[in-house]
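J.: Below are the features listed in TrEMBL for this protein:
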DOMAIN    26-308  domain 'ABC transmembrane type-1'
DOMAIN    343-561  domain 'ABC transporter'
TRANSMEM  23-46  transmembrane segment
TRANSMEM  66-89  transmembrane segment
TRANSMEM  141-161  transmembrane segment
TRANSMEM  167-184  transmembrane segment
TRANSMEM  246-268  transmembrane segment
TRANSMEM  274-293  transmembrane segment
Ligand code: ADP
């Protein structure tokens with residue numbers, strides 16, 4: 001596990017994200033300060049009533065302080081509402097902003113990053129972890145400042161009543177701080193373990209639910225349930241470690257508190273007998289302490305929030321500091337307005353990060369508009385890697401990938417990808433409607449254009465038969481449609497996108513021979529006039545006029561170690 005980041009690092013990284021919410025947090029502090037001042041005044045009036053009304057049994061002296069007390073209580077209630085509302089709003093806005101930025105950053109990372117991660121764990125970082133950060137940098141900071149102010153107010157009032165008595169009781173305050181220091185590192189460790197266990201548990205759930213058809217077809221329900229149970233038990237242990245610490249912390253602090261109160265009563269009785277303190281004074285004093293100690297105690301608890309936030313921010317920073325494998329060149333060339341779509345691989349050699357042998361070795365080919373290049377070779381030979389290099393998911397180790405004679409590294413990334421349409425092996429759909437899925441690559445498309453694309457993709461007829469036509473939801477990842485229907489929607493999407501370069505990554509995989517043959521007609525329409533690179537291992541359906549390149553199997557794949 002990466003080392004736990006310090007508070008300073010957390011603040012250094014996330015404080016700039018509070019811009020835009022700082023005014024709300026400041027309002028929260030001001031309101032909490034006003035509420036604490038009203039409480040100090042109310043307690044003061046309680047002492048006054050004890051001495052002037054209760055001790056003398058003079059009811060006339062009651063009304064003035066009583067009305068003032070009520071007024072303070074109302075004002076305290078109003079400002080405390082305003083303060084809590086402002087702090088909560090600031091906190092939620094901070095979360096909204098940080099989540100948006102983290103998600104936007106994740107979208108800049110190449111697919112390779114996601115291949116090496118568990119989605120559930122990434123989801124935990126986007127939810128629980130950023131909340132833990134907010135509880136430190138946002139509402140946690142407000143709480144710390146307002147608590148410190150309350151401590152000053154209540155301690156000041158106690159000093160004002162009897163400075164020597166206050167000194168004696170304040171001398172016991174370090175005991176509270178000692179208790180929280182003793183607990184803080186244990187809490188921090190427990191929080192870090194809970195965070196990562198939570199991430200692992202989410203991953204198991206995410207994978208298990210996403211692969212339900214596989215789980216059920218292979219009768220692996222019990223195994224999956226057991227996997228969750230094992231992670232759940234680990235999580236239970238980490239949560240119990242946290243609960244145990246919390247349960248030990250409260251009584252320890254209460255014992256210290258009782259010790260302080262008894263000291264006050266004993267010392268106070270002596271002060272009263274010496275005539276230096278009234279009973280009302282002692283009661284007010286004790287009431288100030290009743291506010292002061294929990295405030296001191298909650299400073300200790302803030303240290304616990306810090307522990308959780310440190311664990312969470314560690315995980316969020318790790319993602320934010322991951323740089324995309326490919327980025328725009330410092331000064332990308334302007335893309336020519338009309339792209340012909342000629343693709344050239346010139347002596348390309350590429351090795352995946354962490355691999356020792358190159359997947360592609362000295363690969364060269366050229367394919368122009370209206371031409372079809374078929375990439376063949378056994379599984380693992382590097383066929384899909386060709387598409388990944390063309391899309392710049394990776395850059396080659398040596399050699400060049402060129403589009404219309406320009407090295408793709410010199411083109412703006414967005415412009416490059418705008419000029420290429422990929423049809424994946426498994427046509428990827430979102431859970432929206434048929435219409436939304438076709439228009440995914442061109443959200444501004446009109447209904448006529450969508451229908452025209454569907455007609456060309458031979459999808460219009462089956463869409464017409466769906467319960468709500470173009471507005472029919474396709475289900476999670478398009479599961480409510482058949483494989484052939486999904487593929488035709490993907491072709492319609494590619495038609496609508498109208499990019500000059502087309503990459504077909506085994507478009508017939510998973511389809512029965514009849515369906516595959518039927519897909520060829522709309523595919524031919526799609527390929528017409530475009531530069532097409534088709535990745536295929538089944539050559540029976542490949543048009544004869546195609547150029548072929550055969551990729552050799554990986555030399556190390558079968559070689560003995
Ligand atoms: P094909 O499409 O020909 O079946 P690929 O291009 O998908 O083959 O993969 C070629 C080789 O590269 C395989 O040995 C595969 O294990 C490896 N490979 C693919 N993706 C990655 C990756 N993200 N990281 C490391 N190795 C990878």
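Each Cβ is built from the backbone N, Cα and C atoms, and glycine gets one as well.
Any TrEMBL annotation is an automated prediction that lacks curation.
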J.: Take the transmembrane segment (66-89) and find every residue of the same chain, 6 or more past its ends, with a Cβ under 8 Å from one of its Cβ atoms.
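T.: For the transmembrane segment (66-89), the far contacts come to 21, 24-25, 27-32, 34-35, 38-39, 41-42, 45-46, 49, 138-139, 142, 146.
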J.: Average the per-residue pLDDT over the domain 'ABC transporter' (343-561) and send me the rounded value.
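T.: For the domain 'ABC transporter' (343-561), the model's average pLDDT rounds to 83.
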J.: What same-chain residues lie close to the transmembrane segment (23-46): Cβ under 8 Å, and 6 or more beyond its ends?
T.: 65-66, 68-69, 72-73, 75-76, 79-80, 82-84, 86-87, 89-90, 93, 138-139, 141-142, 145-146, 149-150, 153-154, 157, 280, 283-284, 287-288, 291
J.: Could you tell me what the rest of the chain brings near the transmembrane segment (167-184), counting residues at least six beyond its ends with Cβ under 8 Å?
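T.: Here the qualifying positions are 155, 158, 245, 248-249, 252-253, 256, 259-260, 263-264, 267, 289, 293, 296-297, 299-301, 303-304, 306-307.
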J.: Could you tell me what the rest of the chain brings near the transmembrane segment (246-268), counting residues at least six beyond its ends with Cβ under 8 Å?
T.: 162, 165, 168-169, 172, 175-176, 179-180, 183, 277, 282, 285-286, 289, 293, 297, 300
